[in-house]
Amino acid sequence: MHPLPILDDPRRLRRLLSSCPALRTLTRLHALLIVSSSASCHHILSSCLATAYARAGDLAAAESTLATAPTSPSSIPAWNALLAAHSRGASPDEALRVFCALPPAARPDSTTFTLALSACARLGDLATGEVVTDRASGAGYGNDIFVCSSLLNLYAKRGAMDDAVKVFDRMRKRDRVTWSTMVTGFVNAGQPVQAIEMYMRMRRDGLEGDEVVIVGVMQACAATGDVRMGASVHGYLLRHAMRMDVVISTSLVDMYAKNGLFDLARRVFELMPHRNDVSWSALISQLAQHGNADEALGLFRQMQASGLQPNSGPVVGALLACSDLGLLKLGKSIHGFILRRLELDCMVGTAVIDMYSKCGSLASAQMLFDKVVSRDLISWNVMIACYGAHGRGRDALSLFQEMKKNEVRPDHATFASLLSALSHSGLVEEGKFWFNCMVNEYGIEPAEKHLVCIVDLLARSGLVEEANGLVASLHSKPTISILVALLSGCLNNKKLELGENTAEKILELQPGDVGVLALVSNLYAAAKNWGKVREVRKLMKDHGSKKAPGCSSIEIRGALHTFVMEDQSHPQHRQILQMVTKLDSEMRKMGYIPKTEFVYHDLEEGVKEQLLSRHSERLAIAFGLLNTSPGTRLVVIKNLRVCGDCHDAIKYMSKIADREIVVRDAKRFHHFKDGACSCGDYW
């Protein structure tokens with residue numbers, strides 16, 4: 001008998017090895033087995049020993065033990081333990097190496113194939129996954145629920161949902177994890193309609209969704225705009241008193257907010273006992289994206305007051321709100337917060353660049369872009385768009401060329417930004433060239449946004465007939481946006497007959513956008529077709545539509561001041577009108593003649609002139625001149641396009657006041673200085 005009787009008792013040794021957590025004790029026991037006379041016992045226990053090593057984390061020792069021991073079908077649990085340990089240790093590539101190195105005598109079982117497919121899913125290795133699947137089928141595990149579930153997960157993570165559906169449909173038994181894999185797989189693959197359909201199948205099968213399924217369905221409802229389904233799931237949660245943790249509640253907030261139902265989004269948000277940064281980000285970002293910039297900034301301040309430090313999500317939402325309102329001072333403050341507390345990654349950096357540009361500081365946007373070391377495609381696209389918005393088409397084209405030299409391949413968004421930039425700068429030949437390159441060299445099929453840009457480029461430059469020919473040559477019926485680009489060119493270039501024909505086509509499509517109807521009305525007014533003007537305005541009234549009034553804002557010492565024509569509520573209203581009158585008098589001495597054709601109403605000339613002088617951007621400029629020191633640059637944000645008369649008037653104002661006056665309208669930026677505009681009167 002051995003001095004240590006336990007070494008001669010395999011059963012007791014197995015129990016000891018399975019309960020041995022300490023690696024040091026395990027290595028001593030292994031050494032005793034090697035030097036003892038129980039060599040046969042050592043071989044018998046090698047699988048248990050390897051499993052113990054894998055459990056203790058010494059994977060090299062586990063693999064070495066298995067490699068030197070005789071292989072048999074009974075050793076597969078040890079190989080599985082080694083596979084599982086590699087997976088737990090974030091080494092799925094090592095797990096696959098071990099799987100591929102399995103000796104022929106070790107017969108893989110369901111666990112082996114499941115672990116191997118899980119490793120493939122983590123690596124996104126579909127090709128190796130197919131090989132593992134073939135081996136599983138050959139070994140008789142082709143329909144095993146665990147193997148099928150792992151294969152399903154692999155397909156879903158790779159977006160191969162057609163293959164996932166085939167596996168799913170042949171599974172005889174499906175658990176909640178299987179269903180949730182399909183729902184989230186469809187959502188992540190950008191197929192939200194199919195995700196909702198899968199959820200409905202699940203409910204018909206009598207299964208309730210877990211947290212993962214509910215969140216997936218909410219994401220699908222947000223993407224499709226299916227608020228009815230989203231509200232139905234919300235009601236189901238409430239009726240069954242299901243636990244609504246922070247993840248589910250946040251997905252509800254996001255779903256309602258993305259569909260513009262902010263009352264419901266706020267209600268869910270306010271009822272949340274605990275909110276994380278994602279919860280705040282969901283509401284702040286959507287408020288900013290839907291034009292509720294003031295409320296978005298208020299919520300951002302509330303988040304800071306709650307003691308929760310904003311991460312990149314809420315910060316990007318706040319920057320978007322600053323961009324919308326033109327709040328440069330606050331935007332700079334948020335930029336400072338980012339530099340102190342956060343990492344200026346591509347997403348945040350791009351948002352800051354966009355903010356500076358939209359607040360009128362293109363130089364700051366350009367400086368920051370030049371400092372960004374790692375630029376992704378979105379960063380390049382945004383900077384190209386920034387140049388375009390400021391009428392710097394040649395700079396946009398130069399940046400595009402630089403992007404190509406950096407081996408960043410342009411996408412559909414790049415070309416949309418580039419074509420828009422070339423359009424705003426009147427670079428017709430360049431626009432035509434790159435439009436053709438987009439199609440022929442890069443194989444990008446022109447989408448609506450590209451066609452709008454090229455039609456706008458031609459029509460804006462006076463080539464209205466050529467633009468009309470392009471529209472007529474389209475294989476599909478032109479959309480409202482394309483026709484509006486053509487109509488705008490007709491109005492600006494006084495091609496009124498073609499404009500009336502285009503207006504009729506737009507009306508046939510029954511546009512619901514009040515801005516489109518207002519443009520149609522203006523075209524008819526320019527053609528002195530007052531009957532049609534009344535008809536379109538009646539149509540707007542019948543639809544409950546009302547044109548948004550011209551509204552201009554200016555930031556003075558961190559405070560935003562907003563002006564609307566005929567609004568007398570501002571405390572400096574009298575002084576503002578006096579300044580407007582003074583400027584008007586000075587402008588007339590310099591040769592200014594009001595362009596009353598930009599008043600699209602059948603009124604007396606004197607009334608038209610007074611209406612023009614009270615346009616909101618002129619009130620904002622007058623206020624800025626009254627409340628800033630000489631030489632201060634003024635930045636005005638307007639919600640509508642600047643009319644031709646105001647464009648001329650502001651050129652005179654910049655000369656009289658000896659100021660740079662920047663106006664951001666609905667289309668672009670105008671930099672007025674020394675009696676000229678950066679757009680070269682081309683907008």
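Each Cβ is built from the backbone N, Cα and C atoms, and glycine gets one as well.
These numbers come from a predicted model, not from an experiment.
Per TrEMBL, the feature repeat 'PPR' maps to 144-174 (among others). The average pLDDT the prediction assigns to the repeat 'PPR' (144-174) is 94.
Long-range neighbours of the repeat 'PPR' (175-209) within the same chain, counting only residues 6 or more positions beyond its ends whose Cβ lies under 8 Å from a Cβ of the stretch, are 145, 148-149, 152-153, 155-157, 159, 161, 164-165, 168, 215-217, 219-221, 223-224, 226, 229, 233, 240. The feature repeat 'PPR' is assigned by TrEMBL to 175-209 (among others).
If you look up TrEMBL, you'll see 245-275 (among others) marked as repeat 'PPR'. If one looks beyond the repeat 'PPR' (245-275) by at least 6 residues along the same chain, the residues whose Cβ comes under 8 Å of a Cβ in the stretch are 211, 214-215, 218-219, 221-222, 225, 227, 230-231, 234, 237, 282-283, 286-287, 290, 292, 306, 308.
A Cβ distance under 8 Å defines the sequence-distant neighbours of the repeat 'PPR' (276-310), meaning residues of its chain 6+ beyond its ends; these are 246, 249-250, 253-254, 257-258, 260, 262, 265-266, 269, 316-318, 320-322, 324-325, 327, 330, 337, 341. Summarising the annotation, TrEMBL assigns repeat 'PPR' to 276-310 (among others).
Counting residues 6+ beyond its ends, the repeat 'PPR' (376-410) has Cβ neighbours under 8 Å at 346-347, 349-350, 353-354, 357-358, 362, 365-366, 369, 417-418, 420-427, 430, 434, 442, 668-671, 678-680, 683 in the same chain. According to TrEMBL, the repeat 'PPR' annotation covers 376-410 (among others).
Per TrEMBL, domain 'DYW' is recorded for 591-683.
Across the repeat 'PPR' (376-410), DSSP classifies residues as 26 helix, 0 strand, 9 coil.
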